[in-house]
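Notes for the one structure printed next.
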Amino acid sequence: MIPRKRYGSKNTDQGVYLGLSKTQVLSPATAISSSSDSTPLPTPVALVPSPPDTMSCRDRTQEFQSACKSLQSRQNGIQTSKPALHAARQCSEFTLMARRIGKDLSNTFAKLEKLTILAKRKSLFDDKAVEIEELTYIIKQDINSLNKQIAQLQDFVRAKGSQSGRHLQTHSNTIVVSLQSKLASMSNDFKSVLEVRTENLKQQRNRREQFSRAPVSALPLAPNNLGGGPIILGAESRASRDVAIDMMDPRTSQQLQLIDEQDSYIQSRADTMQNIESTIVELGSIFQQLAHMVKEQEETIQRIDENVLGAQLDVEAAHSEILKYFQSVTSNRWLMVKIFLILIVFFIIFVVFLA
């Protein structure tokens with residue numbers, strides 16, 4: 001048997017392992033002969049199996065209970081803060097609505113300024129009637145929309161007034177009143193601009209009629225005859241009239257065309273003035289609505305003023321009662337004597353019995 005060479009073992013002779021390999025199995029006779037010939041082998045060391053891995057247990061009941069308590073307290077905090085969140089949400093909705101109305105008011109003011117510049121022009125040849133009519137229609141629609149938005153905002157304040165605080169309701173009412181006043185001033189400016197436009201249209205019409213009206217003497221008269229002599233025969237008179245009518249046809253057609261143009265221009269200006277008058281009437285209805293809303297706010301302010309006056313009267317009455325009580329206390333000398341005697345008695349008791 002050829003022994004196998006192994007390295008790194010202390011039981012080897014010059015690095016050669018003389019024993020059996022792990023894959024070889026000895027018979028009993030061979031084991032006896034080998035044990036008698038060679039040195040005795042060391043006794044095998046029994047390998048103790050390693051204990052199985054055991055998971056360490058730790059009581060975490062307290063941690064679980066503390067986590068449950070913290071979660072429960074967090075849920076209770078959320079439930080208690082729901083009214084505050086609801087009030088904040090309502091305040092944010094009101095702020096967004098008021099901001100939107102303010103932005104629309106500023107845009108409408110810019111359009112009104114442009115309309116004012118165009119309406120104050122008095123030139124006959126630089127009259128932008130189409131642009132003025134478009135701006136008038138747009139501003140009228142914007143004013144109607146703003147009026148509806150402010151009414152919705154006021155309804156929102158009324159609906160949420162009982163749920164919000166007194167100071168928040170007062171602040172909301174103040175904002176609504178300021179928006180209403182801005183809309184009223186803008187409507188008044190729009191009405192004045194329309195009145196200026198109406199006056200300018202009247203002046204333009206008068207000037208156009210003055211310059212376009214031709215006197216009767218300036219109109220060319222049809223001649224009675226071609227030769228200037230008296231006409232005896234009816235055929236010659238008819239022929240002369242035919243010739244005269246043929247000669248006057250171009251001028252007559254031009255005058256008729258000018259009359260048609262004047263009629264169309266006057267009709268367009270009449271339509272424009274009618275639109276302006278209808279717009280002024282609509283603005284009057286908007287003013288009535290704003291006056292009604294301001295009247296309601298005035299009643300609210302009057303109630304607040306009455307409450308303030310009542311509180312002031314109560315404070316003055318309480319102040320007078322306190323002054324009376326103070327005068328009665330200061331005038332009562334026996335009370336001062338009694339207090340002094342009580343202090344002396346307590347001092348004597350303290351010195352005699354406790355010292």
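Note: Cβ is positioned from N, Cα and C throughout, glycine not excepted.
Per Swiss-Prot, the features are:
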TOPO_DOM  1-333  topological domain 'Cytoplasmic'
DOMAIN    263-325  domain 't-SNARE coiled-coil homology'
COILED    287-318  coiled coil
TRANSMEM  334-354  transmembrane segment
The mean pLDDT across the coiled coil (287-318) is 80
Helix, strand and coil residue totals from DSSP for the domain 't-SNARE coiled-coil homology' (263-325) stand at 63 helix, 0 strand, 0 coil
